[in-house]
Amino acid sequence: MSTAELSEQEVIRRNSLAKLRELGIEPYPAAEFQVNAKAAEIKAEFEPEKQNFQEVTLAGRIMSRRIMGKASFAELQDDTGRIQLYINRDEICAGEDKTLYNDVFKKLLDIGDFIGIKGFAFTTQVGEKSVHVKELIVLSKSLRPLPIVKEKDGKVYDAFTDPEMRYRQRYVDLVVNPQVKDTFLKRTKIVNTMRQMFNEYGYLEVETPILQSIPGGAAARPFVTHHNALNIPLYLRIANELYLKRLIVGGFDGVYEFAKDFRNEGMDRTHNPEFTVMEIYVAYKDYKWMMNFTEEMIERVALALHGTTKVKLGDKEIDFKRPFKRVTMLDSIKEHTGIDISGMDEVQLRAVCKQLDIDVDESMGKGKLIDEIFGEKCEGNYIQPTFIIDYPVEMSPLCKKHRDNPELTERFELMVNGKELANAYSELNDPIDQLERFQDQLKLSEKGDDEAMFIDMDFVRSLEYGMPPTSGMGIGIDRLTMFMTNNQSIQDVLFFPQMKPEKKNEADGDEKFEAAGVPGEWIDVLRKMGFKKVDALKEVKAGKLFNDLCGFNKKNKLGLQNPTMEDVTGWIA
RNA sequence: GACUCAGUAGCUCAGCUGGUAGAGCACAUCCCUUUUAAGGAUGGGGUCCUGGGUUCGAACCCCAGCUGAGUCACCA
């Protein structure tokens, strides 16, 4: 990369890098650097009377510097946070040679550089726990300036907030915005808490295929890829349900998987093309048992994270204390629309939708119509955790029919803040019924529903060998994390949310300019004048280009020998 | 996909009715041995998102586009 494309500050840092090497200091040393303390630890535990932390070794990034002549303060940020350093010239440079302080620390190091230090903890006159540096080692030079975020009394100045840059350059976001790191620490804690609970219950964590030849277990459009050796299409999984149930058939009493699923659909604040779902299946249980299990799980997660079941979410407070409210879907619709749809057929439901001003189309069957009514009129009302139970059979092709009403299924969804968080069934284990339900889906598909499920004959075959009564539950880990960390956007709980590809820098390389006959010293000049591509030159008149070049040379005092008119004409010929 | 808002220095943002581009932080130079959103002084730094148009003159007005955000629609 030529220096013309770098900002002034980047050029200065590259020059500093070279000067470090001239001084015999390797800016990217290979050797291990062993630390014996962390910033947060010293801040929490250092007490002057105890004389602890008197020989500490720390490593991290320089995040700020205050130079006061022979003494300086700096902040070092490691993975636990920041701690102030006190650096005195005559202490880190014991002899006559003051280069390490005057040049290396004051001039050649920058905010963002990694250093290691040895020293002792003390408290400054203003009362801040700090480390008095005796020795300083350069560990890694940073060539790009970080955004500088400052904070006083909880008020943040010059925050790094542009969402696009935060998501595209998450590494920068993580370095300068400590609350971002906290969200991801909590995300891991959520997963760990759940895993610990499942393991306590004796269930087995498993892995199932991501590449599937029949994308089953949910209603969604899949991503397609191709397997060369087999010469077949393969789909990225939209769910892992059918594989986990095969494992129940195989004799495991409890299996679970934290799975990445992929759905080829729109992206917005609550949808990312790839997302994480935890699915768990437990033999000899039903959906009622699973409701209690889900409550326990969510309550444990809330307590592990916050020490309380009450969690702030936007301007609301959600209380995850057990038990959650339980409402049947038909009661919910009755409550929010005043209409009792039980026993209605497709025609009647269509009329209800019209009456309620809900858009429908011909491809929608009975289940989808009811789903529309619920989604439109009811879903948004459930802010506090609520189980919606007993869904119509048409909406749930993998779910066992209700023990008291064949029109319904033994299914619940957990709604929080007006959004679905978890979904669970008494699993359908009647293979004949299952095949019929798949065939109904096929009819929907023929009617134009592009989300209807494929028939998975191997799954049906597995059920024919017999699956014990089983309850299964799936929960969106991204959404759960959003609720538990007070983030309104799924992009804030994914390290690297899907983004449109970044625009490429379309500038031509030096070779292409040279091939056109442009001498090396003029290439950067042309780029700086806005001619990123050789072809762009051909669109201007030689005379104008010649004048502009000479003018640019003069104006910017480049001191280059001006080309002749003939030269310029040659470049663009 | 529709509508609304935004895009100006490395970062956060001003910029009036159209008249040669501004601040704070960051950066550079100098001064200063315990400072606190980093003390003092001085200074450098810009494709005002892109391309057209209107105009004597456009960061600003008009048209088109790109990118992002929000709301809605669609979609789990």
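Cβ coordinates are placed from backbone N, Cα and C, and glycine is handled just like the others.
If you check TrEMBL, you get these features:
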- A:Glu413, A:Glu420: Mg(2+) 1 binding site (BINDING)
- A:Glu420: Mg(2+) 2 binding site (BINDING)
- A:187-501: domain 'Aminoacyl-transfer RNA synthetases class-II family profile' (DOMAIN)
Under 8 Å Cβ-Cβ from A:Glu413 (Mg(2+) 1 binding site), six or more apart in the same chain: what's there? A:Phe387, A:Ile388, A:Tyr391, A:Glu420, A:Leu421, A:Ala422, A:Asn423, A:Ala424
DSSP on A:Glu413 (Mg(2+) 1 binding site), three-state: which is it? strand
Number of Cβ atoms other than its own within 10 Å, given for A:Glu420 (Mg(2+) 1 binding site): 17
Using DSSP with the three-state reduction, classify A:Glu420 (Mg(2+) 1 binding site) as helix, strand or coil. strand
